[in-house]
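Data block below; observations after.
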Amino acid sequence: MDYWILLVLAFLVADKSWHLTGLLATKLTSPERLQQLIRERQELHQQQQSLSAQDHYAKWTKNNRRLDVLDRDIARVRKNYLESVEATKARLAKLKLLVVTVPFTALKFYKGKLPVYALPKGMFPRFIEGTLEHGWLYMALAPLNMKQFSEGASVAVSLGIWLFALLRVLGAIEFVLETLREQNPQVATETAKVHARTAQAASAN
């Protein structure tokens, strides 16, 4: 497989799996302090439930004040935690723009006409074959006869068109997965395996 195609696939994998960095950011921004406060409140609340306000008024009142303090602390720490996670995700989004989106877009423009594979000439109407070979620009220039077909018995499929088709397929699969995940998580997991095999097959081609 051509080096440029492998590079495009690498960018594609990075683009489609970048959302995992958000999960990683959530894990790295440890909510340990928040969890500790929540556990403390749960334990104190259980203790408070077992006390009688009449028989243990002083302790019951003290626990109530402590619960109020814990509620405020939990709200403050949760807010700080969520802000920290969002700030990390924003930095990751900027990083993606620099290391994935911009280079990937530039590469697609630079190598968009690179032949990926060939189809027998005559399989599709001339207009479609011209688009497969020259990309979307052919649609605008075809009436002017400014784009010519390559000689031979086959029509080369350009990298830009191949990538467009692959992204459309992946987008459709992602939509189906999201729909299944909402309806049946187990079915979504099985479909995800099919998705992985499809991506592997595309890489092999």
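From the backbone N, Cα and C atoms, a Cβ is placed for every residue, glycine too.
What Swiss-Prot says about this one:
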type	residues	note
TRANSMEM	4-24	transmembrane segment
TOPO_DOM	25-96	topological domain 'Cytoplasmic'
COILED	32-96	coiled coil
TRANSMEM	97-117	transmembrane segment
TOPO_DOM	118-156	topological domain 'Lumenal'
TRANSMEM	157-173	transmembrane segment
TOPO_DOM	174-205	topological domain 'Cytoplasmic'
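Sequence-remote contacts of a segment are chain residues at least 6 beyond its ends whose Cβ falls under 8 Å from one of its Cβ atoms, and for the transmembrane segment (4-24) they are 89, 92, 96, 99-101, 103-104, 107-108, 111, 114, 116, 159, 163, 166-167, 170, 199, 202-203.
Mean model confidence of the topological domain 'Lumenal' (118-156) amounts to 64 (pLDDT, 0 to 100 scale).
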